[in-house]
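Taken from TrEMBL, the feature active site, schiff-base intermediate with DNA covers A:P2. Look at TrEMBL and you will find A:E3, A:K61, A:R320 tagged as active site, proton donor. According to TrEMBL, the DNA binding site annotation covers A:H120, A:R148, A:R205. Positions annotated as domain 'Formamidopyrimidine-DNA glycosylase catalytic' by TrEMBL: A:2-151. Annotated domain 'FPG-type' per TrEMBL: A:291-330, in sequence order.
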Amino acid sequence: MPELPEVEVVRRGLASWVRGRTITGVEILDPRSVRRHAAGPEDLRGNLEGAVVTDVARRGKFLWMPLVEAAAASHGSAPASAASPSRVDDDGVPRLALMAHLGMSGQLLMEDPHLPDEKHLKVRLTLSPAVSGDGTPMPAELRFVDQRIFGGVFLTDLQPTPDGAPGGLSETGLPLIPEEAAHIARDPLDPAFSFDDFYARLRKRKTGIKRALLDQGLISGVGNIYADEALWAAKLHFARPTDTMRRADALRLVESARDVMTRALAAGGTSFDSLYVNVNGASGYFSRSLNAYGREGEPCPRCAALGLSTLIRRDSFMNRSSYSCPVCQPRPRNGRW
DNA sequence: CTACTATCCTGGAAGC
DNA sequence: TGCTTCCAGGATAGTA
């Protein structure tokens, strides 16, 4: 399932394929994948056709593509008709974006039109012709495929960020963000991420550290897999209380999360090169590198290196599974550490 | 306000 | 074999 590294791989791949191209066709094959677009599928289709994608940005696991009208993009000025005055501001900066969230099983694929539809193809965007650096034609279709329909796409307005910093990671770094992503915290790979801010907010929470790690409003990009991996690397139990957490422990945890996600990002980037066509968070291209997640009953690698034969255990937590080493990550007692 | 739970979905695996 | 139940989990609406 896509977490931050997978979404970032998709973002980078998408940016190289779609920037500057016009959306010439929109086909919505399953309205459930656009249910977050309140105005309905026809409104979505009507607004997308003729729009030019200017960038691909990411905040946490949310992706968005700022859009301008084809006329504005080619002439560098607002359209005289003003049919959609909210699309760009006075400086021609896009104020409309196509939002996408991959959810559990979503994929964004660039493909040639002659390829057969995927079983769970939900939305098909046809893009204007373009060629890559070596002169070969780029694929004409951007497909949204999603088996479990937790993800989706919809249109959203872009608003200025409170601090004037880039709203998300992207090629152009516009200081804009969709309202639906404004509450999402920076992720550990974002240059604007502040550990001091994270730690101050963490200490005010009265909950367990894993629940806090999974709270995208506190720190984003961390899902169940990388939460377990970061906790294992930092030797912390998932239930450790946040309000008494030491700074050094929190710092070690964040650096562990950053480290594991950086390595996953590198693996995703090298395994599939720029052909993110094959990006599939569930394919497990990084799974061989996992130390705790999904390894119930297998030896803890760290204990094994010390000659111990501790086995990874699985606990039910938050309606999902938590994997940990009972020796490296002892359960908190009486909330005292 | 904060903390936490239920819910949305599909299909593969496990259980009987 | 064939049916039923369970399980995976990101984000959010709703509840306490």
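Just so you know, glycine gets a Cβ as well, placed from its N, Cα and C.
Where the annotation comes from TrEMBL, it is an automatic prediction and has not been curated.
The structure, with features from TrEMBL marked on it.
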residue: A:P2; record: active site, schiff-base intermediate with DNA; Cβ within 10 Å: 25
residue: A:E3; record: active site, proton donor; Cβ within 10 Å: 23
residue: A:K61; record: active site, proton donor; Cβ within 10 Å: 26
residue: A:H120; record: DNA binding site; Cβ within 10 Å: 17
residue: A:R148; record: DNA binding site; Cβ within 10 Å: 11
residue: A:R205; record: DNA binding site; Cβ within 10 Å: 16
residue: A:R320; record: active site, proton donor; Cβ within 10 Å: 13
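The shortest Cα-Cα distance from A:H120 (DNA binding site) to any of the active-site residues (A:P2, A:E3, A:K61, A:R320) is found for A:P2.
The maximal spread of the DNA binding site, taken as the longest Cα to Cα distance among A:H120, A:R148, A:R205, is 40 Å. Here the residue listed as 'active site, schiff-base intermediate with DNA' is compared against the recorded positions A:K61, A:R205, A:R320, and the shortest C-alpha distance is to A:K61. Comparing A:K61 (active site, proton donor) with A:R148 (DNA binding site), their Cα atoms are 17 Å apart once rounded. The domain 'FPG-type' (A:291-330): residue composition by secondary structure is 5 helix, 12 strand, 23 coil, according to DSSP.
Cα of A:E3 (active site, proton donor) to Cα of A:R148 (DNA binding site): a distance of 16 Å. In the domain 'Formamidopyrimidine-DNA glycosylase catalytic' (A:2-151), the DSSP tally of helix, strand and coil residues is 33 helix, 50 strand, 67 coil.
In this structure, the CA atom of A:R320 (active site, proton donor) is 17 Å away from the CA atom of A:R148 (DNA binding site).
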